[in-house]
Amino acid sequence: MITVIKWLVSGCCALAAVTTRAPLPKDCRNTPNSRGCWKDGFDILTDYTDPKRAPPGKLVEYNLTVSQQVIAPDGYEKLGMVANGQFPGPTIEADWGDTIRISVYNNFTDNNNGSAIHWHGLRQFENNVQDGVPGVTQCPSKPGETQVYEFRATQYGTSWYHSHFSLQCECPLNGLFGPIVIHGPSSMDWDEDLGPWLLHDWYHDDVFSLLWVGETKNRGAIPESTILNGKGKFDCNHHNDTRCTGTGGEYFEVNFRKGVRYKFTIANTGTLLEYMFWIDGHNLTVIAADFVPIEPYVTDVVNVAMGQRYEIIVEANADFTHGSNFWIYAQYCDEVDLLPHKAVGIVRYDEQDRQDPRTPPLSDQHRDFGCEDPDLDNLVPVVQQSVGRRVNRMEMKDYLRMGQEGYPDPMNFDGDLHKWVLGDVPMFVDWKNPSLKKLAVDEHPDFPPETVPILLDFDTGDWVHFVITNNYTFEKVHFPRNLTPVMHPMHLHGHDFAILAQGRGEFDPSIVPKLDNPPRRDVVNVDTGSYVWIAFQVNNPGAWLLHCHIAFHVSSGLSLQFIEQPKKVKPLMEAAGVLGEFHDRCAKWTEYYDSVNIPDNHTIDDSGI
């Protein structure tokens, strides 16, 4: 057994990442019975939290053309946004340590949309300019323009890419997203990889009409369907709409063989709904949360909030008493009967047996499971890391309080229109003047209040702590008040964060945080009436977004940005040789935007991200 290294905390110093697993042979190879191995000198025990310790890799190149076309994933035709004509878009695939170069051509010539692609969960270490957030890390690319993103895969696991350009392209509302797979070691052995399973809610209506539903009625618009890997079912029998094709779509299907250990990653790429996910008749062994390998734990159901990913192993050992076909389920965690179809796919042990699986009655467990993240005790990182003392303030006035306020008058709670906030004001960005432009040009950058900046001008290795609250029961005490009791999956760009505490009710400052190897991930669900205490190291200069991954909420302003080590940003961009291209894109976008939008009096209808 390897010796556990524990470094003493002195002030705010960073602590070493360690592991208590037995070391692996130096010459081991990645096989079905040794998935913890990878390449010479690199395995599941390697400290991937240090981006500079990634294995040597190769250059992997992809070309994506983003455009509009009619799609019907659930049997109902709508105008959607696709990558290379595919929905979901093609898989971006590489090995841990590879450099990934992706050329994105904006072919939105028919709707005048800009484009910017975010690579969800990838840290972009010392490479903020590649994060793909318009108004924060870049100006959008105009129609007819190609933008080249290039970054190193310093983490491994499965995630996804998606547009971050306003609600017009946001997430799966219109379809512009696809999977990212970074191959690496696993914390448990498996036989066959089934790849990414992208799960999301699907809407038929115009996206901005849906946003107005949430901002005026204080309740998110209900989706028509649930889609798994681009396939779903919608009942056309009760609709005379000619866009309903009559076939009602199709289920996602996968074939199992008895005794085989299958690995896949379930990712919620959705807009509004957090899903309970399970496969009838099978247990799920969870081996990673987001991009963090964890000690395996067994469950029969897992909640997946928007933006979250869980790497799962399923052993094909089902009981055939009631047949050899089994439903794959995804239901909304809060209202189990909200959507007509809970079944989203089929596992078949016999390809020739085309019957639908038996549908057992919904158990009390599946009705009352709730919307909380997995217990923190289950999310134990394989590579351990202890959290140091904070260097920032964490008084009650510093809490990041989620809620709604009146708009345009924030004190008019009884008006028709409301915006979401994470603190004092809803976030709005300027596509022509992103935060990174200020950091790269201005000696003393000035950030408007509506860009919601939080300055992290600390030394490399310092730890910062934040409390995020979603306690709607205190609407008469705290400002802003939350008119809508709903969970919020909070996603941080540029970092994994440690979860030091999570619970219901008002946050108590006397709570003892979990500092010794707490769970780490990049999306945490802050359930209704709850709080979460997170921490991360200051080590990645740039402007990094923290936002709710409910598309309607981020579009309505529920975001902020951390301005991290601002004086180091410009030197990093100069060293990378990207300043010229960065400014050139902004100049082209400004000229294009002014020529197209100002004459027609078009303005940004939402936060811009």
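Cβ coordinates are placed from backbone N, Cα and C, and glycine is handled just like the others.
What Swiss-Prot lists as domain 'Plastocyanin-like 1' is 66-186, and the listing cites sequence analysis.
What Swiss-Prot lists as domain 'Plastocyanin-like 2' is 196-351.
The annotation domain 'Plastocyanin-like 3' is assigned in Swiss-Prot to 429-567.
Non-local neighbourhood of N63 (N-linked glycosylation site): N84, I102, S103, Y105, each in the same chain, at least six residues away, with C-beta under 8 Å from its C-beta. Residues or ranges marked as N-linked glycosylation site by Swiss-Prot on the basis of sequence analysis: N63 (among others).
Reduced to three states, the DSSP call for N107 (N-linked glycosylation site) is coil. For N107 (N-linked glycosylation site), applying a Cβ distance below 8 Å and a minimum sequence separation of six or more within one chain yields T65, V66, S67, P143, G144. The N-linked glycosylation site annotation in Swiss-Prot covers N107 (among others).
If you look up Swiss-Prot, you'll see N113 (among others) marked as N-linked glycosylation site, on the strength of sequence analysis. DSSP assigns N113 (N-linked glycosylation site) to coil in the three-state reduction, outside any helix or strand.
The feature N-linked glycosylation site is assigned by Swiss-Prot to N240 (among others), with sequence analysis given as support. Of all Cβ atoms in the protein chains displayed, 6 besides its own lie within 10 Å of the Cβ of N240 (N-linked glycosylation site).
If you look up Swiss-Prot, you'll see N283 (among others) marked as N-linked glycosylation site, on the strength of sequence analysis. DSSP assigns N283 (N-linked glycosylation site) to coil in the three-state reduction, outside any helix or strand.
Residues or ranges marked as N-linked glycosylation site in Swiss-Prot (evidence: sequence analysis): N471 (among others). Using a 10 Å radius centred on the Cβ of N471 (N-linked glycosylation site) and all shown protein chains, the other Cβ atoms total 23. In the three-state DSSP classification, N471 (N-linked glycosylation site) falls within coil.
Here Swiss-Prot flags N601 (among others) as N-linked glycosylation site, drawing on sequence analysis.
The signal peptide annotation in Swiss-Prot covers 1-16.
Residue counts for the domain 'Plastocyanin-like 1' (66-186) under DSSP, split into helix (H, G, I), strand (E, B) and coil, are 10 helix, 54 strand, 57 coil. Rounded to a whole value, the Cα-Cα separation of N471 (N-linked glycosylation site) and N240 (N-linked glycosylation site) is 43 Å. Secondary structure from DSSP puts N63 (N-linked glycosylation site) in a beta strand.
Least packed by the Cβ count within 10 Å, out of the glycosylation sites N113, N283, is N283. According to DSSP, the secondary structure content of the domain 'Plastocyanin-like 3' (429-567) in residues is 20 helix, 53 strand, 66 coil. Annotated pair N240 (N-linked glycosylation site) and N113 (N-linked glycosylation site), C-alpha to C-alpha distance, rounded: 32 Å.
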